[in-house]
Amino acid sequence: MSTTIEIPESSKVAKGKAVAVVAPARPGGWKKGVAIMDFILRLGAIAAALGAAATMGTSDQTLPFFTQFFQFEASYDSFTTFQFFVITMSLVGGYLVLSLPFSIVAIVRPHAVGPRLFLIILDTAFLTLATAGGASAAAIVYLAHNGDQDTNWLAICNQFGDFCAQTSAAVVSSFVAVVVLVLLIIMSALAIGKP
């Protein structure tokens with residue numbers, strides 16, 4: 001047996017207005033957007049760093065004329081600074097690939113501080129490495145373009161134009177990676193610092 005209670009609607013009951021209660025926005029919701037941007041910037045930095053290493057590593061030019069005893073060739077492995085550049089940019093690119101899972105964790109858990117702190121520390125270390133490699137290669141590229149009259153070093157880019165164009169492009173690409181790493185560090189620091 002079931003008992004039902006009928007309540008008729010009455011027009012005598014005054015209708016009132018209730019206060020709309022909206023759930024407050026979760027603080028720090030913007031951190032997920034920062035984490036997604038972090039991931040995208042990491043992909044760009046990977047392309048810039050590995051592109052710089054590949055461009056420098058394949059820079060090679062042989063002049064069409066040669067003598068009986070000499071052949072004029074310019075290659076990245078003729079300069080230890082360029083070898084250092086290829087190694088450092090390869091290391092930076094490899095680190096950035098290995099940092100992608102931590103960036104994904106920051107997307108899934110935007111309020112987790114551990115992965116961001118870990119990335120800030122390693123990003124800073126590899127930023128230093130990328131800056132050192134890029135700056136040292138930039139100095140040699142400058143000498144290749146302009147030479148130095150005081151030390152009697154001649155500019156070689158008049159003869160080895162393709163080689164100089166490739167090395168210059170590699171240096172520019174490395175500094176793009178450096179700028180992206182700086183942006184990554186700033187974004188991660190802001191995400192950790194603000195609630």
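Each residue's number is its place along the chain shown, starting with 1.
The backbone N, Cα and C atoms fix where each Cβ goes, and this holds for glycine too.
Summarising the annotation, Swiss-Prot assigns topological domain 'Cytoplasmic' to 1-33 (among others) and lists sequence analysis as the type of evidence.
The transmembrane segment annotation in Swiss-Prot covers 34-54 (among others), and the record cites sequence analysis as its basis.
Positions annotated as topological domain 'Extracellular' by Swiss-Prot, on the basis of sequence analysis: 55-83 (among others).
As annotated by Swiss-Prot, transmembrane segment applies to 84-104 (among others).
Look at Swiss-Prot and you will find 105-116 (among others) tagged as topological domain 'Cytoplasmic', backed by sequence analysis. Sequence-distant contacts of the topological domain 'Cytoplasmic' (105-116) (same chain, six or more residues past either end, CB-CB distance under 8 Å): 28-29, 31-32, 34-36, 38-39, 188, 191-192.
With a cut-off of 8 Å between Cβ atoms, the residues of this chain six or more beyond the transmembrane segment (117-137) that come close are 38, 49, 52, 56, 81-82, 84-85, 87-89, 91-92, 95-96, 99, 102-103, 106, 167, 170-171, 174-175, 177-178, 181-182, 184-185, 188-189, 192. Taken from Swiss-Prot, the feature transmembrane segment applies to 117-137 (among others).
Taken from Swiss-Prot, the feature topological domain 'Extracellular' covers 138-171 (among others), and the record attributes it to sequence analysis. Here the topological domain 'Extracellular' (138-171) has, by DSSP, the following mix of helix, strand and coil residues: 20 helix, 2 strand, 12 coil.
Positions annotated as transmembrane segment by Swiss-Prot: 172-192 (among others).
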